[in-house]
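Here's the structure, in structure tokens; my notes come after.
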Amino acid sequence: MNRLGGLSLPLRPVCLFCRAQTSLALSPLQGGQAVRSIATGRLRRRARMTLSKDVAKSSLKPKRTDRGKLGPFPNMNQTRARVREDPRSRSPAALKRSGETEEKPAMNTESPLYKALKMQTALAPISYGKRTAIKAKIAEITSFDAFTLLPIVRNSIFSQALPGIADAVPTPIQRVAIPRLLEDAPAKKQAKKVDDDEPQYEQYLLAAETGSGKTLAYLIPVIDAIKRQEIQEKEMEKKEEERKVREREENKKNQAFDLEPEIPPPSNAGRPRAIILVPTAELVAQVGAKLKAFAHTVKFRSGIISSNLTPRRIKSTLFNPAGIDILVSTPHLLASIAKTDPYVLSRVSHLVLDEADSLMDRSFLPISTEVISKAAPSLQKLIFCSATIPRSLDSQLRKLYPDIWRLTTPNLHAIPRRVQLGVVDIQKDPYRGNRNLACADVIWSIGKSGAGSDEAGSPWSEPKTKKILVFVNEREEADEVAQFLKSKGIDAHSFNRDSGTRKQEEILAEFTEPAAVPTAEEILLARKQQQRENINIPFVLPERTNRDTERRLDGVKVLVTTDIASRGIDTLALKTVILYHVPHTTIDFIHRLGRLGRMGKRGRAVVLVGKKDRKDVVKEVREVWFGLDS
């Protein structure tokens, strides 16, 4: 019964499919829509603005239709046997199921030397025949007088570059490079027809072992060329002045007046004649100091710019109204200046890339090539200089400069015999894997080994300070190792990128500059001061207690650093290097040990080898590299 009080009839079940058919019959469909199901009763239109997903595809696979499928009786009416010429190789899984074994390639029968020095293949080799030819050539030059240098430049070599060395002779790289760089036009370039795409300047590669005098090898020819250009410009200016005087006299006679004012000559401010590029600010300061020493007698203007200097000082140095002849800079800073002032590179005749293996790697290559291309119109000589020539640099130079002159020495990629290499296994007693303890023990042993030898000479003279350089692989470990050495009574300092600029200069100066010999006045002053302290007990020297010596190591200074100090830094006063870690590559090994044995001096290096370090590499380095002639 419903709400009105009447009886309600039971509901009749309705089929949805029947209702759909009824609705379809009431609205007749057209064409292909009549055969579609209820789910797709109305055809969906394709959107016009929908982008295709197959635009980027080079080719689309055609859909395979039923007609292309093989039937139940394929390949029955064949008149020719289709046999595969090359048998199909079986998969390893099929060989394993059949019980057969795949033929394995023969084991590598190379000697352990090849396996241990696998990273040495990154260095470009120098043939034995070429080494012999170079030795015969450099034996002919015995003094700097054999070079065609200006007298003022030759005299400055002995008084400024190499003071205190009476019998200074050219090093092998200087004997090879200086004569070639002094030439104006080598015969190799004259005989070849110059192409428009090829560089119009000469290219040179100076490659020699560390500490062999490569800086002077390119500085001396560059300074000589700058002075010769200056002499030629003075002669041209003199002739131009004479011509102007004659024109003025003729104008006075003819009573002619100049309608246009004379254009002043272009200023040389911010337009150096030569540029030397180095990778770090420390090398900028070092090369700049060498140039400044030459400038005292040769008389030319030089300047340095780096990130350690203020913008005001950089501007005053580069854009000095008096002009600048030689500029030392880093590539990134010079490239940024050249973008705002392109005329900076408009007068460059000599461009030097020191530490070329760094300046031509991935990080510096775009900037270095940009500077070279902007200086190309006026460039006369492009010089690359490096102690290591990786295969990447070698192939890059062959690609960019196929006609480059390669000036190398016989001992390239070698550590001379005058450097002794020792190995300390930190896994043995008493260290038991403690690398910090092993490093401190080695430093104490070195500091105590020669104690008393310097003190016996004079009671008034201070003992000679021993300087030790410790190399670590990570920047963070430099501070940690230095703090540990200080806790063991060792005067240690850390040197890395995080150190302040002034602190870096002070620390680095102690290890790069040799100690000055005290004068007679300084010795007399120290003697009087010590006599005043001991006036109550005359003629008796104070006895040294053992309290301080037990807790402190006197007469030793240690610098803990990374690879920032391994390239180009002239550590002539250094005699000991400790490798806290085994270097990652052969190139790092060479540059770290290259802080020793510079300019013919002796040195010793100690490598701390742990459980995870490559002991075989260190062993083969001792046997191979130290076997070459020094």
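Using the three backbone atoms N, Cα and C, a Cβ is placed for every residue, glycine included.
According to Swiss-Prot, the protein has these features:
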type: BINDING; residues: ALA208, GLU209, THR210, GLY211, SER212, GLY213, LYS214, THR215; note: ATP binding site
type: COMPBIAS; residues: 235-255; note: compositional bias 'Basic and acidic residues'
type: DOMAIN; residues: 195-407; note: domain 'Helicase ATP-binding'
type: DOMAIN; residues: 452-630; note: domain 'Helicase C-terminal'
type: REGION; residues: 46-108; note: region 'Disordered'
type: REGION; residues: 235-265; note: region 'Disordered'
type: MOTIF; residues: 167-174; note: motif 'Q motif'
type: MOTIF; residues: 354-357; note: motif 'DEAD box'
type: TRANSIT; residues: 1-46; note: transit peptide
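A map of Swiss-Prot features onto the structure.
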residue : record           : Cβ neighbours (10 Å)
ALA208  : ATP binding site : 25
GLU209  : ATP binding site : 26
THR210  : ATP binding site : 22
GLY211  : ATP binding site : 23
SER212  : ATP binding site : 24
GLY213  : ATP binding site : 20
LYS214  : ATP binding site : 24
THR215  : ATP binding site : 22
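In sequence order, THR171, ILE173, ALA217, ALA387, ARG598 are the same-chain residues whose CB sits within 8 A of the CB centroid of ALA208, GLU209, THR210, GLY211, SER212, GLY213, LYS214, THR215, the residues recorded for ATP being left out. Taking H, G and I as helix, E and B as strand and the rest as coil, DSSP gives the compositional bias 'Basic and acidic residues' (235-255) the counts 20 helix, 0 strand, 1 coil. Across the range of the motif 'Q motif' (167-174), the DSSP-based residue counts are 3 helix, 0 strand, 5 coil. Here the motif 'DEAD box' (354-357) is broken down by DSSP into helix, strand and coil counts: 2 helix, 1 strand, 1 coil.
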